[in-house]
Amino acid sequence: MFFSLKNSVAKLIAFWAICLVLPVWAGHYTFDPILLANNNINANANTDLSLFEQGGQLPGTYQVDIFLGDEKMDSTNVTFHAVKSPTGEYSLQSCLTKEQLSRYGVDVDNYPELLPPEKNIQQDKQASQCVNLAAIPQASEEFEFYAMRLVLNIPQVALRPKDEIPVERWDDGITAFLLNYMANSSTTTYRQTGEQQSSHYVQLYPGFNIGAWRIRNATSWNQSGNSAGKWQSSYIYATRGLYRLKSRVTLGQSYTPGDFFDSVPFSGVMLGDDDNMLPSSQRDFIPVVRGIARSQARVEVRQNGYLLYSTVVSPGPFELTDILPSHSNGDLHVTVLESNGTTQQFTVPYSVPAIRLRKGRLRYNLMAGRYRPANVDVETTPIAQATVAYGLPWNLTAFVGGQWSPHYQATTAGMGVMLGDYGALSSSITQATSEYRQQQPVKGQVWEVRYNKTLQASDTSFSVVNSQYSTADFSNLSDVLQSYRRHDYSRRDWHSNSLRNQTHVVVGQPLGQFGYLNLNWSRQNYRDAPASSSWGVQYSFNIGNLYCSLDWTQNQYRGNQDRLLSLSVSMPLGRERDTYAAYRMTSSDNSKDHEMSLYGHAFDNRLSWNVRQTERYAQFHSGENSGSLGLDWQGSYGDIGGNYYYTPTIRQFSANVSGGAVIHRHGLTLGPQINGTAALVEVPGVSGVSTSEDHRLKTDFRGYSIVPNIFPYEEHDILLETTDLPPDAEVTKTDAKVLPTEGAIVRASFSPQIGARALMTITRNNGETIPFGAMASLVNQPANAAIVDEGGKAYLTGLPETGQLLVQWGRGASQQCRVDYQLANAKKGDAGLYMLSGVCH
């Protein structure tokens with residue numbers, strides 16, 4: 001008994017000694033294998049602990065997480081070589097390529113010694129050549145074997161600026177066909193006559209990705225009442241990024257940018273810089289569309305005559321933030337079609353910020369092609385445009401531009417200045433010669449001033465644009481070309497309602513705990529027509545659990561005035577916050593509505609529902625009741641919803657469906673609308689797994705799902721929800737970093753180990769225990785490995801029903817063996833863990 005106790009203590013001391021020295025790489029340690037022996041002193045005399053004596057491990061390829069300091073940069077397979085130090089000690093050293101270091105942010109161009117001189121010349125060999133990290137002064141690496149972490153310690157002077165992501169890390173994604181779709185249909189029944197009227201709308205956004213190329217199309221179909229359905233294609237184009245130039249080339253049907261001239265639809269070719277490739281701190285932003293609906297209404301948004309967006313909104317304030325961009329900064333013309341047939345019309349300006357560039361930065365755009373009108377009767381006239389802006393010293397920016405067609409020529413020039421604490425200001429003058437159809441050429445001139453500022457102390461943002469038309473004869477390119485129609489031979493005054501001046505003002509003010517205030521105002525004064533203007537005030541705040549918002553809008557359009565005031569109050573019912581009660585009052589010039597509603601969500605926010613009841617007091621009618629019931633299901637494969645709306649005179653049923661699809665080399669994957677850039681999550685063979693981006697989006701029966709709407713040229717962490725994994729699946733890596741280019745479908749790939757979990761006791765065919773520290777793995781699957789403990793036990797995952805394990809405890813052929821197993825012959829515990837034993841031959 002004394003010998004047994006002494007033997008156990010010795011084994012315990014040896015085990016903890018080994019554990020304590022494993023993280024230490026520099027020292028040399030010697031362990032006596034006899035300490036691990038059982039009663040038979042010579043049984044483990046051949047135990048090979050040389051792997052641990054110097055804190056080392058077997059060289060080879062391991063899947064590791066790569067860190068640059070404390071920041072995770074990558075998860076990939078890295079080959080490690082055994083290297084000997086001048087003192088004779090062995091350690092593992094990674095084999096990283098020059099391209100990898102550049103992707104991780106190292107300024108490799110400043111360190112040519114990373115590769116031997118002959119390898120710097122032979123570019124085709126750089127992809128596989130290991131760099132010499134010692135070429136960077138004070139750079140080092142640490143390989144934490146049991147955590148599978150490779151930590152790179154690089155001095156800050158050897159790194160690129162923090163917000164400058166190397167082009168080498170940008171991912172063009174996979175070759176794929178993608179489709180976004182949106183459809184809604186409504187049927188209105190008039191109670192007095194029984195007459196029914198239906199309207200249907202379908203919007204399709206097909207596309208194809210191959211390499212850096214993106215092919216995109218927008219096609220819509222609209223049918224209302226007894227009229228025939230009509231298809232309309234807004235655009236079809238192919239585009240790709242020129243990453244080194246921070247530019248983009250576009251072929252086909254698109255829109256010119258609206259920073260110097262009004263945006264123009266064209267068919268042709270365009271080359272210009274791409275702001276999206278710049279760091280996020282240098283990018284511009286665009287506004288959203290806000291308004292107030294008096295009743296359940298259809299909102300249509302048009303740009304340059306094209307229908308961009310159509311949706312049904314509930315009574316009260318609405319905010320549209322999911323309009324697919326048309327690559328244009330022109331004004332958005334919004335029409336609100338109320339259920340009773342009345343309409344609202346107003347314009348949402350895109351207030352382009354003051355033009356200001358940092359010193360040395362170049363912004364340019366070149367386009368040549370034909371004018372692409374929305375009306376097929378308008379001629380497709382040849383057009384061209386060129387604009388250039390350059391950042392000068394002293395915070396100045398100079399810019400020039402020109403437009404040309406047979407009937408129109410314009411030039412613009414201006415200066416911008418950054419005023420430091422006082423914001424940014426730019427001013428320009430544009431001169432144009434316009435020749436309307438069947439009229440003599442006329443010359444016009446416009447001055448424009450733009451100013452924007454954010455007060456850092458109060459976080460107040462201002463944006464002001466003012467245009468003064470010096471003469472009555474100034475026109476833009478689209479207005480002139482719209483007069484050239486093929487089947488209209490009448491002589492008319494195309495140049496009516498000429499602008500005298502126009503102003504757009506937007507002010508945003510966060511108020512901390514007191515809410516948020518947003519003000520917007522625009523006005524257009526004409527020489528021979530009534531002025532048009534739009535006011536808007538939105539104020540929202542919280543009082544405990546009570547949410548309140550106040551919205552006021554006044555629109556004056558061609559002599560018609562419309563004013564709307566809305567007050568909304570809502571609060572949760574219960575602690576779960578899945579059901580809310582709300583009250584809304586909407587007042588216009590001729591009516592006042594009081595609405596009570598209940599709304600909420602269920603099934604992990606997948607199901608949204610609402611019930612509304614409204615009492616209307618109009619000028620000639622009082623006590624008119626209306627109500628609605630709506631349901632919407634947001635699933636992994638798209639959204640589907642329905643709505644019922646009634647008044648004393650009509651009943652209306654509507655339904656909508658939307659979603660997206662990606663066809664890739666592994667098949668078809670359905671999901672929500674993509675609207676730009678997306679990640680394809682791959683967990684092969686594991687269904688029902690979500691990510692941290694959206695818990696409602698789960699992998700399909702093959703293990704694939706779509707994470708939509710991620711920002712291009714920015715790094716994203718796609719985190720797998722391991723709680724969704726079934727008992728027979730495990731993943732060693734639960735996150736994937738993606739850095740997509742614009743429009744890319746990038747892979748967020750995970751490698752699940754699907755199969756059983758087992759604790760296996762392994763002995764050799766001569767009766768000896770497998771040496772402590774041996775590696776046991778499935779044959780031909782070295783990544784799925786486990787370490788054998790001092791009792792010959794190994795915890796294994798991802799095991800098939802039958803298989804063979806390879807056990808290694810050294811480099812020689814005599815230091816490995818194989819063991820067969822069958823799960824059917826093993827005992828399975830309550831936790832799903834199999835208890836196995838096997839003899840290694």
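Any Cβ shown, glycine's included, is placed from N, Cα and C.
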Margin query: According to Swiss-Prot, the disulfide involving Cys817 connects it to which residue among Cys548, Cys840?
Written below: Cys840
Notebook entry, point to check: According to DSSP, does Cys840 (disulfide bond) fall in a helix, a strand, or coil?
Noted result: strand
Note to self: Let's check the environment of Cys817 (disulfide bond): how many other CB atoms sit within 10 Å of its CB?
What the structure shows: 18
Checklist line | Around the Cβ of Cys840 (disulfide bond), the count of other Cβ atoms that are within 10 Å | finding: 21
